[in-house]
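For reference, the structure is listed below as structure tokens.
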């Protein structure tokens, strides 16, 4: 019965163009990767799909730091943080991360998690008890949505970036604890939340602002310190989640907040308490990643990435203008996430296939990840791309625009 039920659902997904497939990366994360799929021989692709925004995932210094960490601390942690898995490497990283966020969160403390998904589940389930209401942007990441659904708090969602509706919801809220929850950079659209206005609402209505900065950490702000730095924000009402497997090039995530909040997560956050700690070698290497991000090299990489973003948007805007009947639309994004909105699922898959045939790896994103009718190619740029790489992508899209029906 179960297998028949699942098979029927799979057939329905295939008919709607929603079936997901995995590819196998046969080489390190980089703009040029050897990739195989469905048992076919691997081929080299020019990839515009990773979240390795600064190109650190295969940086020699991080590769060496990871190896050094393994030699010093071994391969695994062996237990959860509250048993015997909390190593000196984890503690040192948390100290570095707290200092990293101190300009934005007074007296900040930090807690390291295995993944950003776990960090968000931990935050919302531990803080969102029955005395709380969670106010969530409708385009928040799935982990924030799932965390809010698992929490005992009431959840109210507001239309994307609609602060008028949010203000009305806050004004009518009667629970003593109010948690405003938002992505900083929205993962499928690339646009920025209005964090200054959200913080102003938090202060006006005695609420707390939880910011998921998965796609801003390392890329935005002074020395790559993230979206809070980008907007020049500073407040004890800020609760910050940053991921360490995107711009930081490794893995894991962290929460930075008032020490009382971090202490409560240690006591009450089940995804933290009941998870084996990440390998200490990763924590050790992440300290080197923070050094790189804040260094002159990190600044050069961010500047180059910004030039690529401008180049891509300028050239794609011209291409879209030359082919108005295709109905393509470039999302309003100033970040390394540059979605090309195509419309229906079949069109997005056809465009992805046309680029694939040219050796370009750009994923098609479809519902339920994005709203129905907004299927898109999610183009992401890295500091290790070149201007010639971006030109090749634009040329590939131009070729597809001429050939697709």
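Every residue, even glycine, has its Cβ placed from backbone N, Cα and C.
The Cβ neighbour count for residue 369 (substrate binding site), using a 10 Å radius and every protein chain shown, is 15. The substrate binding site annotation in Swiss-Prot covers 20, 141, 369.
The pyridoxal 5'-phosphate binding site annotation in Swiss-Prot covers 116, 117, 187, 215, 243. Sequence-distant neighbours of residue 117 (pyridoxal 5'-phosphate binding site) (same chain, 6+ residues apart, CB-CB distance under 8 A): 142, 143, 146.
Here the Cβ of residue 246 (N6-(pyridoxal phosphate)lysine) has 28 other Cβ atoms within 10 Å, regardless of which shown protein chain they belong to. Secondary structure at residue 246 (N6-(pyridoxal phosphate)lysine), as computed by DSSP, is coil. Positions annotated as N6-(pyridoxal phosphate)lysine by Swiss-Prot, on the basis of sequence analysis: 246.
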Mapped onto three states, the DSSP assignment of residue 117 (pyridoxal 5'-phosphate binding site) reads helix
Judged by other C-beta atoms within 10 Å of its C-beta, the most isolated of the binding-site residues 20, 141, 215 is 20
Spatial hits near residue 187 (pyridoxal 5'-phosphate binding site) (Cα distance within 10 Å) out of the recorded positions 20, 141, 246 come to 141
Looking at the binding-site residues 187, 243, the one with the fewest other Cβ atoms inside 10 Å is 187
